[in-house]
Amino acid sequence: NMNGPKHKLCTKLSSTYLRKWWIIIAIGALLLIGGIFVACEFSLLINAVIDRMIALRPGAKTFGWWAKPPVEPRISLYIYNVTNADDFLSNGSKAIVDEVGPYVYSETWEKVNIVENDNGTLSYNLRKIYKFREDLSAGPEDDVVIVPNIPMLSATSQSKHAARFLRLAMASIMDILKIKPFVQVSVGQLLWGYEDPLLKLAKDVVPKEQKLPYEEFGLLYGKNGTSSDRITVYTGVDNVNQYGIIDKFNGRTHLPHWTTDDCNRLDGTDGSIFPPHITKDRVLYVYDKDLCRLLPLVFEKEVMTSNEVPGYRFTPPEWVFADVDSHPDNMCYCPAGKPSCSPNGLFNVSLCQYDSPIMLSFPHFYLADDSLRTQVEGISPPEKERHQFFFDVQPKMGTTLRVRGRVQINLAVSQVFDIKQVANFPDIIFPILWFEEGIDMLPDEVTDLMRFAEHVPPKIRIVLIVALCAVGVCLLLLSTFCLIRNSHRQSTLHLEGSNYLATAQVDMNKKQNKDNNPSTS
């Protein structure tokens, strides 16, 4: 029946008077759905905004910070000055060293010759300028130190397995040139270079293809200026997971030194930026040419910078320089099989240092066997606070907040009896110096942006969720209440109207009957 109760109700609820409440119910429901959507998806939206903001696009603010970092890194060097060189050589006494320093240099970094490539990468050269800071140092650059003669001891150690006549010839040459196993040089010379008679000679007699690139020797020789190394990194525009990661180093995607592709990988960052949204279980990778390998970093703890930016501390795992017995995966760093493996806590970088037997460790042999530290006298036991290598990173944006790159340079000397000048120099890992390269804090302009990214979006999310849900629920309740009330009122009016019509009909019928039967009265 078309005039049934259902039809009447539909007519009531779709009346113009009530239609507006249906619109309000729809708006309330949409606001409620919006609140639920914000609760679930807002973080993804913010992450997308961050990804777009940090990607290396020429002209963008973050690109400017990447190309010319608004920071002043410093390198502090501590040199192991040998105080009993004669006694050590003639009487077989234990070497005694006195740690002198720090000698501090401020650095300016700039990426130059930047070129955009088609595959979402940028190529550049790095310019590093070092400036001595006597005000922060223990003494001037011309402080004199006595250290092992690295060019000489490298040559004699390398000759250990050569023909005997070559070693005897080497001894004669060293006699003529008056070359001794220890040199007295200034701090500035040790770092930036001094003319070495052996290198000068080698430059004249060694075949051209084996030539060393310089005739001066210094531990930082050639590093003050623009590097010839061409580095290509991903911009993160196409894929933020590759942001800052090295694609090629001097045209290579892998190093040529080690025994497996995995250990020859270069796909880390330079340490200034990392792909964003860092979780505690992620392993970060840093590549530095002087480390001769990719350095893994694992989460250690949460930290807070001095200007209230939260960060994660990442540090090399304890097994990074472990011997192969305790960590078999490090076997790939032994190019000539197990005999060429480094002792526990050391890393052999000779393949990156013209075969000079340089071994890296952490300062004071931190995380290494203590027997290495006690081979010489005068090195205090390592302390985590002073000697640990770490990066503090802002996890949302992947930007480095604070760095302490701490490394010790050691020389692995082999005893060679046929060369009289070094016949008494025993097999020893001789410490030369350690350094700490670091950034203490970023400028306010950068940290303000990080604080904003860290603190503001969660607050906006909560405000939006509360506001949308509260308004949505209020509208729903209000409109439902009004709908029911108005629907009830219309029912009442309808009933009253029906009674009125019925009464009127009865009166009309009575009147008609009266008119039709006048005679009966």
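Cβ coordinates come from backbone N, Cα and C, glycine included.
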Looking only at C332, C341, which is named in TrEMBL as the disulfide mate of C334? C341
Identify which of C332, C352 is listed by TrEMBL as the disulfide partner of C263. C332
Selected from C352, C469: TrEMBL disulphide partner of C292: C352
Would you mind reading off the Cα separation of C263 (disulfide bond) from C352 (disulfide bond), to the nearest angstrom? 14
Pairwise CA distance, C332 (disulfide bond) versus C341 (disulfide bond), rounded so that it is a whole Å: 9
Taking only the CA atoms, the spacing between C341 (disulfide bond) and C292 (disulfide bond), expressed in whole angstrom, is 15
Rounded Cα distance, in Å, between C292 (disulfide bond) and C334 (disulfide bond) is 13
Write down the Cα-Cα distance for C352 (disulfide bond) and C334 (disulfide bond), rounded and given in Å. 14
